[in-house]
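K.L.:
After the structure tokens below, expect a handful of questions from me.
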């Protein structure tokens, strides 16, 4: 190691204590002098994913380390194992994978928890209606300790925004759904800001410079280097084809291809390693481009004048690396780190904001999102108002004669079923909100319970508005019973039904995030409930198997329709008709004609509906929890089934 020279034309920035040298790999290095922070080591890491032919290896024998104040660059061609390595170190591997090996943090086998680790994945999920300032502010309130004053949280958020060069875009919305907002690179910087807010012990970045030009990439990574040294963070970044200046900022390089470790060691020694194995970097070519072209298997081209297949080149480099002095130094460094235990990194309850704070912050953020997203509620409100006028004019002043009986039944049926089913129109917004939740939950920003409660709080005012305004229009124009109590009950039934359909949509969005499949599934579920509600077939005429038990009793449309029937027909009398009695009492129609259960009042039906709202929210909570465990298994099964054909 002592003979290695920095001959690749890259000039890394000097450390705070002077120039960069090989002393960082000596046994008497920073490991002994400074033991605070997260010292991460991984040895013989193997990861395999299930397929139709068993388990397919995607990471083989990965070994390396990362120390506080330094950044490790993880490079390699697409599919080389970069993201898999980060997932393994973060403890975020899917359940359809198998992994072996040893991952230690400060010589202990433990998993970093909230406030100590941040992981920025490739996929970004940000609330598109919020501005940069709002996004970072709300994230700061969700992540930073509850003991920290709100002014300090905002000060840190402002400082992080400036550090990522977003001060000129602070009032620009994230953008989406055809609305121009931030560029892809700016969104990436917003995602980095969110991860840097807590100054985590361990920071994992997957493609942090994706979408950035060369200048922006350098300034962003240079800022991360400064923060890494300032807060003694341990950083690993999977990076795709960095420029020479960006590459020079990294301390160590982990080069992967086909899941194999081609090289792990100082960045400035990589050029000599390739040259020593017969693959020198041309004078006018970027070293990083040369590394990736040499080990890229996506294109079937031979390397060099000897026409060696790429797979053989990879095997040659892997074997050469394992027998090199660099590999021995890495092993010695790992052994030195593991011999000395560092600080015990554990979860601190005082760091996480209280559940009440999380609920209030999430509810406020969600309320703003719903207000600004035209398609979330406002478009639906407009459609509902139009339908309210349509119902009112079609059934205008239906009167109190016997002939109005069928009109009342049809009107109430439409209100309880087809008017509520239109909530499917908000399904795309539900999917986007679930994506943001899942992305933030990956880093433990808040729990499932806080999300479920906050969404219920933020959506309730809009749903009440949607229930009240169209309800007033349809109720008055149709000329239903003019009593304040009956109208209030009518609106509450519609409101409870809206709450139930909204939660049902969230459950479906959790299980089936695909827009088309989700809308079809939601419509199908509600269609079954409407069929068993007791309108198209009277309750006693429903087939006992499935339709009567259990659908008739679990369909919320049944209780909504039954409550509306009681609300309208109780106290109502119809005049005589040819061959009938002088007057017909409404209760007689409810019990004898409509087969409505009269053993309890309409308020019990309303109470059952609101009780089902709480049950559905509980189901949403359980569905999210179960889906997190089961979904990767189902995905693996579908993939393996596809591979058979």
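Heads up, residue numbers simply count up from 1 along the chain you see.
Each residue, glycine too, has its Cβ placed from N, Cα and C.
Pulled these from TrEMBL:
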REGION    1-21  region 'Disordered'
COMPBIAS  1-10  compositional bias 'Polar residues'
DOMAIN    40-283  domain 'ABC transporter'
TRANSMEM  377-399  transmembrane segment
TRANSMEM  411-431  transmembrane segment
TRANSMEM  460-480  transmembrane segment
TRANSMEM  487-509  transmembrane segment
TRANSMEM  515-538  transmembrane segment
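Just tell me what is around each of these and how deep it sits.
P.N.:
Cβ atoms under 8 Å from those of the transmembrane segment (377-399) belong to residues 370, 407-408, 410-411, 414-415, 419, 422-423, 425-426, 462-463, 465-466, 469-474, 476-480 of the same chain, restricted to positions at least 6 beyond its ends.
Under 8 Å from some Cβ of the transmembrane segment (411-431) lie the Cβ atoms of residues 370, 373, 375-377, 379-380, 383-384, 387, 391, 395, 398, 470, 474, 478, 480, 490, 493-494, 497-498, 500-502, 505-506, 508-509, 513, 515, 518-519, 522-523, 526, 530, 533, 535, 557, 560-561, 564-565, 568, all in the same chain and six or more residues away from its ends.
Residues 409, 413, 416-418, 420-421, 424, 427-428, 431, 501, 504-505, 508-509, 547-548, 551-552, 554-558, 560-562, 594-596 of the same chain lie 6+ residues outside the transmembrane segment (515-538) yet bring a C-beta within less than 8 angstroms of a C-beta in it.
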K.L.:
Restricting to the domain 'ABC transporter' (40-283), what is the model's mean pLDDT?
P.N.:
88
